[in-house]
Each structure stands twice: as C-alpha cells, then as structure tokens.
Amino acid sequence: MSTEAKCPFNHAAGSGTSNRDWWPHQLNLGILRQHSSLADPMDKGFNYAEEFKSLDLAAVKHDLAALMTVSQDWWPADFGHYGGLFIRMAWHAAGTYRTGDGRGGAGSGQQRFAPLNSWPDNVNLDKARRLLWPIKQKYGKKISWADLIVLTGNVALESMGFKTFGFGGGREDVWEPDQDVYWGSETTWLADKRYSGVRDLENPLAAVQMGLIYVNPEGPNGNPDPAKAAVDIRETFARMAMNDEETVALIAGGHTFGKTHGAGPASHVGPEPEAAGIEEQGLGWRSSFGSGKGSDAITSGLEVIWTSTPTKWSNNFFWNLFGYEWELTKSPAGAHQWKPNGDAGANSIPDPYDPSRRRGPTMLTTDLSLRVDPAYEKISRRFHENPDQFADAFARAWFKLTHRDMGPRSRYLGPEVPAEELIWQDPIPAVDHVLIDEQDVAALKGKILATGVPVSQLVSTAWASASTFRGSDKRGGANGARIRLAPQKDWEVNQPAVLAQVLETLEGIRNEFNSSQSGGKKVSLADLIVLAGCAGIEQAAKKGGHDVKVPFTPGRMDATQEQTDVESFSVMEPIADGFRNYLKGTYAVTAETLLVDKAQLLTLTVPEVTALVGGMRVLNANFGQTQHGVFTDRPETLTNDFFVNVLDMGTEWKPTADNKDLFEGYDRATGKLKWTGTRVDLIFGSNSELRAVAEVYGCADAKEKFVQDFVAAWNKVMNLDRFEAANR
C-alpha cells in the first residue's frame, strides 16, 4: 500500500462535492454572511477612519513620489517611471464600478483577490501592487490597500506634472473576495454571452467581455472598427456613470501616459496568479519571451505608445490623434493597432528602455473612436484647442472615477478633500437648525397617529424612503427625503398616489411644528418620514401586547430637486422589493433571489431578512395592499403570525394556474382557501436555512423576541445612510 493511500486526509475538510454542485439553483444565502468578523484580522474595535486621520498623508505621498522613479530589476519601469503602470492599477481598481447595482469599484481593495487579480485586463497589475508593498508595510494599518491604490494613482499623475482635483480617504479593506458581485455567466475568459439582440448588454454588467474592465481595445470582439467600438465605449462608460465628455477626458488623459505591452506572442505568457504555482508567491503571468519584462513584457498584446511625452502631462494625445491619418497594423504579438499612414512621425516617440532608439506614434482602435464618432470628435477637438478645458475635465473625471463608489462627502477623509460639492455625490444640506428632543418626538408621534393614516402606509412610506440605500456604493437612504422628489416620487413601487397623500399629511405636521417653534428648532421631512414609520410600528406592537420603543435619531435633512440628478437616481429604481412583495415584471432570476440581492445591498443578515419580511407582512405593507403573504387575521398588528402560519402543516400549497410566482394555500381538512402567497413568502418554509430561522420566530416563546428583532432590523435600515452622524 502506498503512503498516499494510507493517509487518512486524502481529501481536506471542505472539499468534495458541494451542495451547489448537487443543486446549482439553490438559493445562495452565503452573500449575506460575507466579510464577517471571522475573516477580519484586525483587533476588535479597530477604527480605520481614526487610523487614517492620524496618518501623515504628505509623508506617504512623498514616499510614493520617490517610488515612481526607482526602477526595480525584477520589474523595470517604462521610461524610468512607474506612473503609467500605477495609473492603470488605480483605474482598473475603480473601473469595475457599475451604476446598475453599485457594486464593483475601488472601495474595498478587491483588486487583491480573485477573480479581479487574475482578469486578462489586469495582467501584470500584480507587479504594481508588489512595488507598493514596502510603503504599505511602512504605514501599516493607517492606510488601507484600497486607499493606497487610489492615492498612488493620484501621486503618479502629480509626479508627471498633472494637477489632480483632490483625494478622499476612507476606503476600508475587506479580507476575502466579494461573493455578491455578478461578473457574468461566461466560463471562459473574454467570452461575451452577456449580449442579446443587437448588442444589448445584460444588466447590470458594464464590460463587453468576461475579464475586461470596459471594452476590448482592439474593437468589438477584436474587430478593429473605431465606429463600432465607440458604441461599446459609450454604453460601458455610461454604466459607470460617465457622460461623453468625461469619457473622452478619461481615455485621452489616461493615454497621455505610459504604454501598452505586446513584445511577443501571448503563448509565452504563463498562468494568472490564481492558477500559478505556489513558488510564484501570488504573482502570475510569468513570460518566457526574452527576459519576460521591460522591453520584452507582454500584457495586453498591444504595443502602443500614444505620446512623445509618456511621463509628462501634455496635450500630445490630441495632437497625434488629429495630426495623422491612421492605418491598421499589428503589434509584435499580432494584435490590431494603428500607426500613421506612411509611417509619418517615425522618430517622434521615445523608446521606453533605449534612449538611442525612437519610434512612431501608435493608437488603439478605441482611441480612434474619439475621432471617428461625431459626438466624441466634437469634444476631442475642443479639448485639442483648449488644453485647460481638457485638464479640468480629466481632473474631475478622474476624481469621479476613483470616488464614485464612496457615497456622500461625509465619508471622505483627509486634508485633500475638495471643497466643491458635486452633483454625483448626492449632496444633502448640512444641519442648520436645533434638533428635536425626546419631548418633541413624543408629541410628533402623537400628531402623526392622530391623522388616521393607516399603520401600513406609515411603515411602507418610511421603508420606501430608507430602503433605497445600497451598501455597495453607499447611495440612497432616508436622509435627504428624496422620496418626495423626482424620480423616486414617481416610481411604481412607491405607489405615487398613496405616497403623495402620506407626504402631504406629514408636510402639514412639519409645517405646523416648525412655525410654532422658537430658538431655531425644526424637524425635517426626512426625519418625520422615519419617525412616522417608528410610530406606526410602536402602535402595531402595542396592539399585539408589546410595549416597545423604536429607536429614533434626528438629524436628517431635506435635499432639493436641484441637488438630485434624476438620471443618476433612475438606475436605482427597484425591479423587485421582496420586503414589500413587489415584482415589476418577469425575470430570468427568481423572486427570492432578487430578495436576497436586495437584502445584501441593505447589508442585512439572514435573521434580519427573516424578521423584516415577517414583520412587513403582518403590518400589511405590501405593494398595492395585496394580501399575498399576509398570514394573519389581525393585520397591522406586530405579531409572529407570519411564521406560525407559513410553517403550519395544516396548509397545503399549490401554484396558481396562470402565475408561477403566486401560490394558494388550502386547509388540508376542509379544502378551503386560506391564504395566498408569493415565492418570497413561501421560501421561508421551503428553503432549509430560512425555515430554520423562521422556526425560531414561529415558536410559542418567540413573540417578544420577534418584536425586538424586527425593531432592531428596522432601526438598522432606517440609519444605514447616517454617515454624517457617525462622524460628528
């Protein structure tokens, strides 16, 4: 018998066929458990914001600036300057952001982990992060990898003569890959199963192929057609919240510096970091072409240098773009790229490693899109003729690119946060009045309940306001009271007619209260909306025999329509909200999957989701006042009836004939119809994990626990966006 056969540990714990292998369509609740304290190596009570505030940012930037021009033999710097490499690193960290669900981006240092660390578009960025290790090692916990990656991009630009718009710190690292981000369903790199129809890109994706940040630089699927490439550019950049001017500025600004790498065939390049041998120590793409580095480096397979000043800010990109007519050629690796007709400008570009050699300018297919596309060309020519406008546009677009997923300005830390307030930051006025106290809160609750507005409407309005929050990009939430503004006031899920009546009632209470105060005391509508929900829950709990006080912290303010970018908020309109039993249409994914997706964006745990759904149902807070899932004979009373009845074996459930998402529950003894429910309702009895939690709340001794857990989860959602309160 071999030694291997005798070993009792041929297969390690956690290996073998998984539940997901057996049941690939099983509801994935794991995304509600990611990034727990069990994965976090930092001490309990570690406060990254406080650590960053104690950081000598100027010293870090000084060290980064010095790093730029100290070329390392193990990965030499092009042109003696790492600026281009570090700009690409920061860009590709931030550029994964997409507006559809707010996921991706540079906010948590995900570029360190799979799959991003091994994407084809991120080839050799592992070297960039290794170059940064001595600086990360020096400053330790005072600066996260997430902040360091973005800051390094800024310093790279500044070290090459560009004036950046600013920098805000505060990106806290996570310690494992995100499990919630849908990067596509393709199983091979650079596949594009994500398209349907005539180039219709699947939502929420914002890249044309698996493993790319945005577009294929050779053109759609490698077709070197600048006009068709422009279509892809416009769509993908728009899904990252960039308009045409910002898009042109980013492409031209980024391609003012550095070069691409395609010294030889891709067949020489070894496996990516996640597939490389352990001896590679987390690095990948070892190349057997020549030295495998420097002038022999292979990254994208393209060998392009755009400008005559690749380590200095200039307007040379546009001079070259419009100064030559371009013809198609191929890189040494065989990739499509462009050179001037007749090899014009043959000696205008420096060689990255040999000062005695010169090259001609080269461009990517996607660069020529800025000249071929009529809208892009108009902007490009304006930037060409007005370098100051170009510099300002690039500075602003770069700042937006690298900060778009950070949420409101109140989260930005450090001395370089720009004073200017930008519309994409979803600005909210600072508190300018004395806040209401406990006595005022009690009086206002009484006035709200005295109006006779049903508990269900008070609760659903507060939920509609707060549940827009996305933990992904920290947008949305009750602060700002944007539920009263376009576009949210008109979203179908918010039942505009009912919403308008509730808001009118609350506005009357606010106006009466504010006009009767002295000393500058006021209540905002944003606060009053949340307080109304709290009052409704307290009344519903009291009806159920529970005297509970729902926590409330004032200090929210009301944003104006002018502070609200309608287009930017439109992408946040829910297609589903399982907490309100709302489903806008028919989708490829199940309603319960959309519930979990919504819950993850709300940073909820499995018990919190369970408590909230059960509570919202008995509070009668469904969209359209449907009775699906309202498993109680005493609606608007906060009880555990939902769980008691969804777990009741006296009910037999059957799908309805005309709706796969709707079910009818019949009394097993009498055959009479008792309840109707959706997939979101029945999943709490069907899914083994959710049923286990539902059983806790369905027990006879769990009535008080359920109320307390519901209130705690409710309070969490109401305050998810209160970053300004945390920083007071």
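Using the three backbone atoms N, Cα and C, a Cβ is placed for every residue, glycine included.
As written in Swiss-Prot, here are the features:
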- HIS92: active site, proton acceptor (ACT_SITE)
- HIS255: heme b binding site (BINDING)
- 338-362: region 'Disordered' (REGION)
- ARG88: site 'Transition state stabilizer' (SITE)
Reduced to three states, what secondary structure does DSSP give HIS255 (heme b binding site)? coil
Distance from HIS255 (heme b binding site) back to ARG88 (site 'Transition state stabilizer'), taken between C-alpha atoms, in Å: 10
All chains considered, the count of other Cβ atoms within 10 Å of the Cβ of HIS255 (heme b binding site) is 25
If you measure between the CA atoms of HIS92 (active site, proton acceptor) and HIS255 (heme b binding site) and round to the nearest Å, you get 14
Around the Cβ of ARG88 (site 'Transition state stabilizer'), other Cβ atoms found within 10 Å total 24
Summary of DSSP states over the region 'Disordered' (338-362), given as helix, strand and coil counts: 3 helix, 7 strand, 15 coil
